[in-house]
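Visitor: According to Swiss-Prot:
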type	residues	note
DOMAIN	1-263	domain 'Peptidase A1'
ACT_SITE	Asp35	active site
DISULFID	Cys167-Cys171	disulfide bond
ACT_SITE	Asp176	active site
Amino acid sequence: DSGSTVVALTNDRDTSYFGEIGIGTPPQKFTVIFDTGSSYLWVPSSKAHSMYESSDSSTYKEQDFIEATEEADNVFLNRLFDGILGLSFQTISVPVWYNMVNQGLVKRFSFWLNRNVDEEEGGELVFGGLDPNHFRGDHTYVPVTYQYYWQFGIGDVLIGDKSTGFCAPGCQAFADSGTSLLSGPTAIVTQINHAIGANSEELNVKFGLTPEQYILKGEATQCISGFTAMDATLLGPLWILGDVFMRPYHTVFDYGNLLVGFAEAA
């Protein structure tokens, strides 16, 4: 689309996708995961990869922030990226990309994640539009049901052509570019990992996953299931549609109309 900004993404073994951003003037460069499952911008200290020095920026403004000097988990240890840039809603925390919205620059953004780790182009994030080279047909759009994550309702979940019955009354899900796997209720994921075959149904449109799409390569001859169990939340049964789901489906996050759209990736 005219006026869109394209960010090239790097695919790290199908486990994470990250691209480059610049902070300040002149820009100090970082590689970050663009995460639709959070709203925070994490920039690590000099003890990690890159360091943001506010005094080197002519556009830096005093603002409230939280500095973590010690982290129990090894979040960024041995990672190829420096930090995380959240693309979710301000209910969690006011995200950086809201500045683009408030300036009238961006009403939507879209992801294409390349499954082929051998190709130079690992993926693509487009702020402000879509890249027609990376999807086929029309997108199926669903309304955002809760402005915390990019959350929407889904119908029944099938294993093969058989209903699991668990989500027949309806479940909630959100598309999360910062999560590697596809997480769902333990009862269903246990069945899926036993049968190793799954589909999700929404608005009478089926979005299927083939074994090539949900099985990850491990060491040597090892294969890893792309499904992981997660018990019910306060919002009820919840699915996190991570990169396993977003790779085969070009995904649009439409803030202007509060919609999430999926089309076959190309």
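Just so you know, the numbers here start at 1 and follow the chain as drawn.
Heads up, the Cβ atoms here are built off N, Cα and C, so glycines get one too.
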Visitor: Mean pLDDT across the domain 'Peptidase A1' (1-263), rounded to an integer, is what?
Guide: 80
Visitor: Is it possible to get the count of other C-beta atoms within 10 angstroms of the C-beta of Asp176 (active site)?
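Guide: That number is 26.
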Visitor: Any same-chain residues 6+ apart from Asp35 (active site) with CB under 8 Å of its CB? Would you list them in sequence order, or say none?
Guide: Ile84, Leu85, Gly86, Leu87, Ser88, Asp176, Ser177, Gly178
Visitor: Return the residues near Cys171 (disulfide bond), defined as same-chain residues 6+ apart in sequence whose C-beta is under 8 angstroms from its C-beta, sorted by sequence, else 'none'.
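Guide: Correct list: Gly153, Ile154, Val157, Pro185, Gly236, Pro237, Leu238, Trp239.
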Visitor: Relative to the Cβ of Cys167 (disulfide bond), which residues of the same chain, six or more apart in sequence, are found under 8 Å away?
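Guide: In sequence order, Ile154, Gly155, Asp156, Val157, Ile188, Pro237 meet the Cβ cut-off.
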